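Novice: Sharing the features that Swiss-Prot gives for it:
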COILED    127-196  coiled coil
DOMAIN    240-314  domain 'U-box'
REPEAT    363-402  repeat 'ARM 1'
REPEAT    404-443  repeat 'ARM 2'
REPEAT    445-484  repeat 'ARM 3'
REPEAT    486-526  repeat 'ARM 4'
REPEAT    528-567  repeat 'ARM 5'
Amino acid sequence: MAGGIVSPASLLDLIADIVEIPLNTGMFKKDCADLTRRVCLLTHLLEEIRDSTPIDSAASSSSENDWWSDLVVGLQAAKRLLSTARFQARDSSDGAAKRISFQFQCVTWKLEKALSNLPYDLYDISDEVGEQVELARSQLRRAMQRYGSLNSNKFSSALSEPMERDGFSNVIKIKAEEKLESVSETLHFGEEEEKQSSPPLRRSSSISLAYYLSKDADTDRLDKMVNKNTDESKKSDKLTIPVDFLCPVSLELMKDPVIVATGQTYERAYIQRWIDCGNLTCPKTQQKLENFTLTPNYVLRSLISRWCAEHNIEQPAGYINGRTKNSGDMSVIRALVQRLSSRSTEDRRNAVSEIRSLSKRSTDNRILIAEAGAIPVLVNLLTSEDVATQENAITCVLNLSIYENNKELIMFAGAVTSIVQVLRAGTMEARENAAATLFSLSLADENKIIIGGSGAIPALVDLLENGTPRGKKDAATALFNLCIYHGNKGRAVRAGIVTALVKMLSDSTRHRMVDEALTILSVLANNQDAKSAIVKANTLPALIGILQTDQTRNRENAAAILLSLCKRDTEKLITIGRLGAVVPLMDLSKNGTERGKRKAISLLELLRKACQ
């Protein structure tokens, strides 16, 4: 297997070693946890390859060897990085931070490259596992976008030397050093990394970064990024930035200054990470923070914007002319947010109703409402005993979650537990909006795990069975999204989702939900518990009946489910043959979509072998 390079079993052992590495408890906690979680997603892929036989053992093994080699390098690099990064203190030097930040980028890029070269045609990989691989790839790609791109052509030879403790100066020549420092600044402080900007890292490393790099990196994009960064760096080097404009944590010009409970001002991304790592004190004064509210410092932001304009320095996006969107709107919204904490039930009810209306109108309003600190207060109102307040609060959270950056703020506020409580015991309208909110939040891959473990799935299944038509739709979309993550499939089966879905296939009054039911079943069908439940519910005749309809998407999903159920099961293959599956499958193999044709052809081939 793997061209003699390595066996899947040995890589599974390597992943097990990675999982057992204690997580960093300092500034790298999230980076290490994210990388470990993404590596874990590869477990089922390697198990399936280990247990399967190559489709074409005579095929050339060059592509197979290449991807196995890339995967080995990436996983070994991940293990080394996680083993060393966990020892880093929060007060590590800025130079060390840039080096380890670059190493996280290299490991991320190498793993994504390996998965992009996976030779699907050489292995019998199920749709379920394929979806997990794509999930891991999408997470790695997003991480790469946050870190920035690599330029292996220009830096490969320079980076082949061990990295020195005091920075990059002993590694590359002056011109290359200038560019690499610019890259590191971009990797560390780019606009997209605000929520996950890389923290300080270890002081020394003998890891050769060229080990992670290859010649097909995004060179052109990097050049543009580096040149722009270098030009701006030259401008700022000639200026003395006012001390009050620098974040005390990063010592960088602040883009989004916020005030903490002690009155000190910090860059939002850095103080948020400081708090997320479990710190309870102000970094500068070491006083205990009475609360973790981050209040935007609009006066300082305006001064920074004006100073940037006067010195011809590019201003942070969104703050041009010293204003954030519309200052008048912001004043109104901040006043409404304050009223959310009023002692008067009626005042709270009216305020949340107005915020609901504003949050529905535009993206700008959703941004302003979040910046005004509304999200934690709205989350608290989800448990309000006043029905109208609770309904409006969950709808506000739903509307705010539409804006991508607000999703993380909602999760940070610990909203999931309260949303699930509304889903279980709220009014029908509140339950519907709670389900829709979980769907919106679950669009972020890492949230699927958190939501699945919160007890949301049984409540969603109950809404799927007993809700209004709209509630059923909201529950179905949320369940589909959550079940993409392998660990949630067993939870859904135990909650009785298969019974609910099968009823939708056979109940004529629910014909409008057939599409949703089939889509979810097609995702579940590769789970062993789900497979047993589907067969036990005598679903095969219903699936054959759907194959005979003219609904292309439904036929395609029915074929996918049948393929999962009947693979390696001669008895079931003979059964569906007797039920009349051959004729509609032949039609689908000729007239269906590409996916439908592929499923139909595979199923027909299995039927042919079963009848021999």
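Heads up, residue numbers simply count up from 1 along the chain you see.
Just so it is clear, glycine is given a Cβ too, placed from its N, Cα and C backbone atoms.
Give me the lay of the land around each of these features.
Specialist: Across the domain 'U-box' (240-314), DSSP helix (H, G, I), strand (E, B) and coil residues number 25 helix, 12 strand, 38 coil.
Across the residues of the repeat 'ARM 1' (363-402), the predicted structure has a mean pLDDT of 93.
Helix first, then strand, then coil: DSSP counts for the repeat 'ARM 3' (445-484) stand at 34 helix, 0 strand, 6 coil.
Secondary structure of the repeat 'ARM 4' (486-526) per DSSP, as helix, strand and coil residue counts: 36 helix, 0 strand, 5 coil.
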Novice: Mind checking which residues reach the repeat 'ARM 5' (528-567)? Cβ under 8 Å, same chain, six or more beyond either end.
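Specialist: Residues 126-128, 489-490, 492-494, 498-499, 502, 505-506, 514-515, 518-519, 521-522, 573, 575-576, 579-581, 584-585, 588, 592-593, 595-596, 599-600, 602-603, 606 contact the repeat 'ARM 5' (528-567) from elsewhere in the chain.
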